[in-house]
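Student: One structure is given below, represented as structure tokens, and several questions about it will come after.
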Amino acid sequence: MIVLGLETSCDETGLALYDSELGLRGQVLYSQIKLHAEYGGVVPELASRDHVRKLIPLMNQLLEQSGVKKQEIDAVAYTRGPGLMGALMTGALFGRTLAFSLNKPAIGVHHMEGHMLAPLLSSQPPEFPFVALLVSGGHTQLMVVHGIGQYELLGESIDDAAGEAFDKVAKMMNLPYPGGPNIAKLALSGDPLAFEFPRPMLHQGLDFSFSGLKTAVSVQLKKLNGENRDADIAASFQEAIVDTLVKKSVKALKQTGLKRLVIAGGVSANLRLREQLETSLARIKAQVYYAEPALCTDNGAMIAFAGYQRLKAGQHDGLAVTTTPRWPMTELTIPE
């Protein structure tokens, strides 16, 4: 089965072809970073308009790159949610229309399920069950993954997601968009122990809270009164986030008795986080798994793969086009 995956939940237009026999046949990705940079963040209307402009050219590029003919596509998977309504709708309409024209099934995929299953595309995928740390601009969650659609929520952020905190602190520091990678880059030349920022809720279950940390950074920046300590601020802030994510992940593994941790979402690309996770998990003889670097950020491959998992179980959508900007993963059903 060859599945076309479409990702348009935010500011990346990603398309990919997943072949159940040959694996990933090809993928293309267009990022809108330059478009939104002058605004310091994603402008939803501009994002959806740019998806409209890019979908057909990228589709043609993907078919040429992969050597697959449009008529060979067996099904279409598109991101149904969560995400920006207009951006989601462009991908959903494109995908559902294409599937209808080819007389093929289509299915809407949960964006974070795509991220969480992306490590299964690697050469050494994790086996079920495992603990998943989903960490992105919109999500910070710990879950036990028993199988496709079998997700048990252990804890989540009660306010800002980790990626959102990165972006907001970057804005406070007048760093360019996207904030997370720029903070990580600046942190390389800073001292992570220079400022003692809080680790909210560190010893309170498996939920997260990052709004207090964000406020602490704001207060410290005002105290500096123009003194340039940006590298130290970035390093200390990043260390607080990483320390919290690592310790909660270790706690989740101990609590569940599992020895496999999958980390997924845009923040999973953070090198300091990976370094600290590997060190901490080695101490408890546990293993950490990531998606391939190209599959850490938003992409069509993860949607194609997640869609395939549900399509092969017989799931597909009707003719109605549905998008769900707010969609808890705990609402997902088990394929039958």
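A Cβ is built for glycine as well, from the same backbone N, Cα and C atoms used for every other residue.
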Student: Of the candidates ASP160, ASP167, which does Swiss-Prot annotate as part of the substrate site that also includes LEU134, VAL135, SER136, GLY137, GLY138, GLY180, ASN270?
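Tutor: Site partner of LEU134, VAL135, SER136, GLY137, GLY138, GLY180, ASN270 for substrate, according to Swiss-Prot: ASP167.
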Student: Kindly point out which candidate in ASP243, ASP298 is recorded by Swiss-Prot as part of the Fe cation site with HIS111, HIS115.
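Tutor: Swiss-Prot names ASP298 for this Fe cation site.
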Student: Please name which of the binding-site residues listed here, HIS111, HIS115, ASP298, is nearest in space to ASP167 (substrate binding site), Cα against Cα.
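Tutor: Nearest by Cα distance to ASP167 (substrate binding site): ASP298.
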Student: Across all protein chains in the structure, which of the binding-site residues ASP167, ASP298 has the highest Cβ count within 10 Å?
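Tutor: By the 10 Å Cβ neighbour count, ASP298 comes out on top.
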Student: Cα of HIS111 (Fe cation binding site) to Cα of VAL135 (substrate binding site): how many Å, rounded?
Tutor: 12
